[in-house]
Amino acid sequence: MNDSKNFVNHIRPRFVPEGALRVLYTFCLGGVSFLAFIVLGVTGLLLMFHYQPGDNAFSSILTISSVIPYGGVIRNLHYWAGQLMVVTVNLHMLRVVWTHSYKPPKQLNWLVGVGLLIFVLFLDFTGYLLIGSQESGAAATVAVNILGLIRLIGSGLAQILFGEPSVLSGSTLVVYVWHCVALPMVAFLLQLYHFWRVRRDGGVRPL
Amino acid sequence: MARLPLKHLTEKEGIAALFFLAFCLGLALMFQPSVGTSNQAPSVSHAVAPWIFGPFQILLLYLPPRVGALLIPILIIAGISGLPWLVDVLGVKWGQRIFMTLFVFVCALLLWFVVKELWWT
């Protein structure tokens, strides 16, 4: 079967170039970022059983952290995996620049990677809003005000992205759906495309 | 270049995954992240952004919102996105210098935020 015609074989080919196996070349940063995404998906799913968006968000977080068995560890794991993903994605970008892996024919994949970085930041931000604390309420207010600076579409965009955040809590059902469904789904599809492009554009070349 | 069976890659990915998971679990067991201030409590006088958005907070503190929150971030994203084309036009050396300038600028803002909001206060 021709690899170039098979999506799965591009993501997980039967053979890989020897250079791609050098740990000190990639430092596994892309793979580790993806693993963080998986950890976030699993722990996020577990948190969804007890989390309540809206006015009860903050109290539900406290309940998860202190009442639900292992809830505290699951929430901590979700938090730290999220922070580490931001770090590993940035380090991965630096590695790509260091090894010139953005050069033709990889320009499109570079753009996809930058898009994924922005998605990761949005995921982190919406996750912060879901805590429902005063700080997340303030962050939501700042974000809505920033979007409001964009003429014509700003207020509509804020409504689409945040719903109607209260000053005291950034947690709304709209933010919840963005954080748990829409953003992760699009990010996952983009990641599959990103991995596929890595193989299609020539995989990993040694320095 | 020689090509090796996938299992060689899978083994290394598995080892990296185990290290990462152990590190995550260690952090989760040792450090409890803050949940912030309850919305039932008296209002906080000064809200501090999460560290990831620290650069934003610094820019908003010293620049007009249209510049600090829209223009500069858009220019940074455009500069980073356009790296392959910058390299095409200006050469690898200058293209990468522009990228690193933008990256270091954001890191410097983050450091400024950490010193000002998290460490100094």
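Glycine is treated like the rest: Cβ placed from N, Cα and C.
Database features, via TrEMBL:
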type	residues	note
DOMAIN	A:1-207	domain 'Cytochrome b/b6 N-terminal region profile'
TRANSMEM	A:21-51	transmembrane segment
TRANSMEM	A:57-73	transmembrane segment
TRANSMEM	A:80-98	transmembrane segment
TRANSMEM	A:110-131	transmembrane segment
TRANSMEM	A:138-161	transmembrane segment
TRANSMEM	A:173-196	transmembrane segment
Segment proximity, the transmembrane segment (A:80-98) to the transmembrane segment (A:173-196), 3 or more C-beta pairs under 8 Å: no
Cβ-Cβ under 8 Å with the transmembrane segment (A:57-73): same-chain residues at least 6 beyond its ends: 47, 50-51, 130-133, 169, 171
For the transmembrane segment (A:21-51), distant same-chain residues with Cβ under 8 A (at least six beyond the ends): 57, 60-61, 63-64, 68, 71, 74-75, 77-78, 81-82, 84-85, 88-89, 91-92, 95, 99, 123, 130, 180, 184, 187-188, 191, 195, 198, 204, 206-207
Contacting positions for the transmembrane segment (A:110-131) when only residues 6+ beyond its ends and CB under 8 Å are counted: 40, 51, 53, 57-58, 61, 82-83, 85-86, 89-90, 92-93, 96, 102, 139-140, 143, 162, 165, 170-172, 175-176, 178-179, 183-184, 186-187, 190-191, 193-194, 197
Segment confidence, the domain 'Cytochrome b/b6 N-terminal region profile' (A:1-207), expressed as mean pLDDT: 87
